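Student: I am attaching a structure below and will ask some questions about it afterwards.
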Amino acid sequence: MEEGERSPLLPQETAGQKPLSVHSPPTAGCLDPVPWEDQADAWGCSCCPPETKRQALRGTPGKGPAPSLSIGSSCVKYLIFFSNFLFSLLGLLALAIGLWGLAVKGSLGSDLGGPLPADPMLGLALGGLVVSAVSLAGCLGALCENTCLLHGFSGGILAFLVLEALAGALVVALWGPLQDSLEHTLHVAIAHYQDDADLRFLLDQVQLGLKCCGAASYQDWQQNLYFNCSSPGVQACSLPASCCIDPREDGASVNDQCGFGVLGLDADAAQRVVHLEGCGPPLRRWLRANLAASGGYAIAVVLLQGAELLLVARLLRVLAARRGAASGPGARGEDRAGPQSPGPGAPPAAKPARG
């Protein structure tokens, strides 16, 4: 086509105009340009606030787009994200295990509308729910750079630290009375052995792990109504299988009848079948031996939470500085620039009326 000729495919109004590039910014020659607000609303991350989207799209007047995070700040951001993602998974796992335990034992469907059951699985489920909620707040807050979620995460970590400090202070203050009350606690557990499945499981694990029986001796099981020799039941003068020296008897499953009739035997005959020593002294020795390890685990958890707090505080400072750098200088530049002169297509300003 020769220069100066009009294309028959173009309208008469646009034949003499230059072609527009798809990447060129909106100009006066474009018909119905898309507003910046609509572009900001269509931007990807839905968890980011709208003003952040518009600021990133439009940039700061006279300063260009908002500055991005440095390499160090980006590392801090993604370290917070991945660590809290891991803890949120662990919290959700604990929540699932707790709900499964409540469902298996029927605690969820019993006494609907009544008080919550005093069940260890309920505590596990509630703890998993709280940990997963706080960790998800830190995870999403770091990923979307949301200061509200990051502040909520910091508050949750501070609450955890306060509760852990109170628990540690109580353990240190009551360590002596706790050791002295071990045998009394074991006597109470023996008396209510059949009343609570969780208590029965815990006492069986203590007797199997420490190779002991009873609180002070194996004769303490006379306090149980079912194992007492005066009981009319089939378990009279018997002991739980966890008291036996070899409860499995070289088999795959536990022999529940290995302790039958042992309380009616003398000590020489009973020591060939069950452990005669009570669990009070071995349990006290086990607690003293594992005190240092338990304290080390607690200190490691506190240090990890403190490191999370420091990282979140640094990320919040970086976000606040970036927000100030993006809004402050541009706004001051507009104030110093004064009123803008009208464009070539703007109507002339009205002249003041003469008096």
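Each Cβ is built from the backbone N, Cα and C atoms, and glycine gets one as well.
Predicted, not measured: the structure shown is a model, and the values here were computed from it.
As listed in TrEMBL for this protein:
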COMPBIAS  341-355  compositional bias 'Pro residues'
REGION    1-24  region 'Disordered'
REGION    325-355  region 'Disordered'
TRANSMEM  78-102  transmembrane segment
TRANSMEM  122-144  transmembrane segment
TRANSMEM  156-176  transmembrane segment
TRANSMEM  291-313  transmembrane segment
Student: Same chain, outside the transmembrane segment (78-102) by at least 6, Cβ under 8 Å from its Cβ: which residues?
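Tutor: Distant contacts of the transmembrane segment (78-102): 108, 117, 119, 121-133, 135-136, 138-139, 142-143, 153, 308, 311-312, 315.
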Student: Short question: which residues 6 or more past the ends of the transmembrane segment (156-176) have a Cβ under 8 Å from it?
Tutor: 130, 133-134, 137, 298, 301-302, 305-306, 308-309, 312
Student: For the transmembrane segment (122-144), what are the same-chain contacts with Cβ under 8 Å, counting residues 6+ beyond its ends?
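Tutor: Same-chain contacts beyond the ends: 45, 47-48, 77-78, 80-81, 84-85, 87-88, 90-99, 101-102, 107, 116, 150, 152-153, 156-157, 160, 308, 312, 315.
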